[in-house]
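Pulled from TrEMBL:
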TRANSMEM  6-22  transmembrane segment
TRANSMEM  43-62  transmembrane segment
TRANSMEM  74-93  transmembrane segment
TRANSMEM  128-149  transmembrane segment
TRANSMEM  170-189  transmembrane segment
TRANSMEM  201-220  transmembrane segment
TRANSMEM  285-306  transmembrane segment
TRANSMEM  318-338  transmembrane segment
TRANSMEM  344-369  transmembrane segment
TRANSMEM  390-406  transmembrane segment
TRANSMEM  412-429  transmembrane segment
Amino acid sequence: MEMFYYLVFGGLGAVVAAIELSKTNKDRINTTSNFNSFKNNYLLVYSLMMAGDWLQGPYVYFLYKTYGYDKGEIGQLFIAGFGSSMLFGTIVGSLADKQGRKRACVIYCITYILSCFTKHSPQYKVLMIGRVLGGIATSLLFSSFESWLVAEHNKRGFEQQWLSITFSKAVFLGNGLVAILAGLFGNLLVDSFSLGPVAPFDAAACFLAIGMAVILSSWTENFGDPSENKDLITQFRGAAVAIASDEKIALLGAIQSLFEGSMYTFVFLWTPALSPNDEDIPHGFIFATFMLASMLGSSFASRLMARATPKVESYMQIVFLVSSASLMLPIVTTFLVAPSNVKGGSITFAGCIQLLGFCTFEACVGIFWPSIMKMRSQYIPEEARSTIMNFFRIPLNIFVCVVLYNVDAFPITVMFGMCSIFLFVASVLQRRLLVIADKPKTQDWAMKERDSEADPLNI
């Protein structure tokens, strides 16, 4: 069975190479040297930020276990992280529109570096503070950098279509190649050099510090709405009005929450799904395989977005349906494949089928990220971009907290079934978004904009 892992990894690698090498002029967008310089600078920073994030991921649970904490205590730490992202992260992330996106990106670096430093202490309270800081940093990572990029891209007068190049490359590098290299580097530090489970966090802090230096030296500041007469409550109210008044924004938020909620749930479920009887599976190698599948998806997405058709709103329906079907496989295999009662050993035949399905899901994740980024750049108003993006993460974080709290309460097949249903609903909502995509803003929202222009003091 060990050969199976190499075949899957090699097959995915060959497909990624084939897609990249077979790109024609139709699959590429002609740009300028100024844009390429801007894009490469952002990709460097984003890759360093993602390296700081990916280095920590595989070792958080292991570190807490090394310090002697049980599953329940570790679960509370994880819930604190997602809860912090929902509460404090939403507030801090929303300030980026008013205080500046570059400043918010620097705060991300500082916050995450401090979170890394807390991992040196075995004290539960210190680790809890680290999780709270990490939750805030996560909200900033997934809102401030994208908000800065879109605003700076438009400010410099680059073509709107060129954004898709940066988005797809960012996912290909940051969520694919960097993730694989970070996993290998972390394994080198912990196992080969025997530096202990804290070493990846120290390395992450170094990458974050380098990225912060690049931001401070080469980025310019941009804002959403820098007006001084708007406090945080007013910002939140404005974002809520935008979501409620524009069906496209509301649909986009629902779609994002449904998909990302299923994705984060999958992160907790794939290990017990592939080793229900404590089968010996190579976690690190499987993780690298998933990231390679994500690279395949982002590479495919770059070809799709380089063409006028199909539209993003159109092909994402299929992506959500395929991802829904792929997460149904653990349920299907329980009925079609006889379960094994042997403890330990290699991965089972059912596990092999599920692994292929999980790789398909990860490929869908690779398509999802640049595609949702492009749709957000089209539909979310610039003046409240970071605020609205953090609003989208509130239901996501609530969902993940509920799942974590009840992870042992339901059979794993129920959890996968729930995720599959969510993804199917996302496909239905995506269909609705396609139907109304070309419609102008709702009359009510347009009237509110005209009223604000006519009477600026009427907030």
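Cβ from N, Cα, C; glycine included.
When Cβ-Cβ distances below 8 Å are used as the criterion, the transmembrane segment (201-220) is approached by residues 41, 44-45, 48-49, 51-53, 55-56, 59, 63, 102, 105-106, 109-110, 112-113, 116-117, 119, 148, 152, 185-186, 189 of the same chain, each at least six residues removed from its ends. Taking Cβ pairs closer than 8 Å, the transmembrane segment (390-406) reaches residues 75, 78-79, 82-83, 85-86, 89-90, 93-94, 139, 142-143, 236, 239-240, 243, 252-253, 256-257, 260-261, 264-265, 268, 415 in its own chain, all 6 or more past its ends. Between the transmembrane segment (412-429) and the stretches 43-62, 128-149, 170-189, 318-338, it is 318-338 that has the most C-beta pairs under 8 angstroms. Counting C-beta pairs under 8 angstroms (sequence separation of 6 or more), the transmembrane segment (285-306) fails to reach the transmembrane segment (318-338), with fewer than 3 such pairs. The largest share of C-beta pairs under 8 angstroms with the transmembrane segment (344-369) comes from 170-189, of the ranges 6-22, 43-62, 74-93, 128-149, 170-189.
In summary, the transmembrane segment (128-149) lies against the transmembrane segment (43-62): three or more C-beta pairs, each 6 or more positions apart in sequence, are under 8 Å. Segment contact holds for the transmembrane segment (43-62) and the transmembrane segment (170-189), given three or more CB pairs below 8 angstroms at sequence separation of 6 or more. Beyond the ends of the transmembrane segment (318-338), by six or more residues, the same chain brings 255, 259, 262, 266, 273, 348-350, 353-354, 357-358, 360-361, 364-365, 367-368, 371, 412-413, 416-417, 419-421, 423-424, 426-427, 430 to within a C-beta distance below 8 angstroms of the stretch.
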